[in-house]
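The Zn(2+) binding site annotation in TrEMBL covers Cys137, Cys140, Cys157, Cys162. Under the heading compositional bias 'Low complexity', TrEMBL lists 1-11. Taken from TrEMBL, the feature domain 'Deacetylase sirtuin-type' covers 20-284. Positions annotated as region 'Disordered' by TrEMBL: 1-21.
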Amino acid sequence: MSSSAPSLSSSRPMVKREARETDDVLEAKYTRLVDVVANARNIVFLTGAGISTSASVPDFEGDSGLRKTGVLGVQEHKLDYAMPTYAHRALAALASAPDRTRVNMVVTSNHDNLHARAGTPPTALAELFGNAYVEDCLRCGARYRRSVIVPPMKRRCDDAACGGRLKRLGVRYGETVPYGPLKAACDALAVADLVIVLGSSLHTYMFEHLDLGPRMVIANLQPTPFDDQAILTFADYTDAFMDRLMASCFGNIAVPTYVYTQAATIRIDRTSPAAARVELLGGAPNEPFTAAAAVYAAPSAAGPWTELSRSMITGVWAGELAVPQNAPLVLRVEPSPGYIGAAEHVWTVPSGDAVASGVFEYTPAQ
């Protein structure tokens, strides 16, 4: 790899419109790409916000991005609705393959958790700006990777004996980039013989400090400051690029269908022989259950139904209802509208049980 990284100007250029190249131009480049990838033995993928736009997570530099619209993308609590794109799933398949020596690392400037959600192993993922789904305890140093977005306020360590304050790992503007992911990225780039950039304009200041070297392929709908140093540039969608890459260069590696799951815990506390308090929480300690728009409980599938309320601070669904001592408890979960087309879930807790579990399953469009 090159010993010196390209330097970006401190004054950023005007945002250029996204434009896909013609099919003929792209076809010629995809034909050349086969030989480029075949000759590579150590590949690093570098991904930016453009890889997540087809998951309805807006980027920064694109036609609907922050710099052009002035609107700050998706609301954080709606990140749970964002599903891994084909590109995310393909990268996870490559990084999980037995002969992963060819795909050494996925380096990303995103903190939307979609690489991890798709199944990219932690050892093959460098999240330069952290992850909104990861919390660190400021007292004992424990790290927790959550399956859902957790409330931002009054978060305490899962270890009750510690009780330290939890801090999100997602890096905000002006904050220091974590040393661990940065070192992992630099170490991977130092031995890479091919860097494939997906959905990044490469304007992020951190890329000034990464040695991207001369063997680089860029797939982005806008020009980047590194285009003249790349072997090939593709003005194409990242999902389309990865689809061609997998078919042409990694045909032996299947990209699995993605099924989203969210675990739930149901707690029943008898307040009297004829009544009970019911709580619906996440499947792991210190996590809420976020997949529901509404939750109802009843002593049978015929009702009568009592709607549970959701705490804005803890995210716990709770309510009290009449339940005979020997009756089961039935929970009906209406999915949040963000899970488009998801079916209603009904869970039955046998009579006498104080704790039960359920799993919300959702197969998004692939």
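For all residues, glycine too, the Cβ spot is worked out from N, Cα and C.
What TrEMBL says about a protein is an automatic prediction, not a curated fact.
Bear in mind that the values here come from a model prediction, so they are computed numbers and not experimental data.
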Zn(2+) site, defined by Cys137, Cys140, Cys157, Cys162: further same-chain residues with Cβ within 8 Å of the Cβ centre: Leu138, Arg139, Gly141, Ala142, Arg156, Asp158, Asp159, Gly163, Gly164, Leu166
Surrounding CB atoms that lie within 10 Å of the CB of Cys137 (Zn(2+) binding site), all protein chains: 20
For Cys140 (Zn(2+) binding site), the three-state class that DSSP assigns: coil
Rounded mean pLDDT for the residues that make up the domain 'Deacetylase sirtuin-type' (20-284): 89
Cβ-Cβ distance under 8 Å to Cys157 (Zn(2+) binding site), same chain, at least six residues away: Cys137, Arg139, Cys140, Ala142, Gly163, Gly164, Arg165, Leu166
Three-state secondary structure, Cys162 (Zn(2+) binding site) (per DSSP): coil
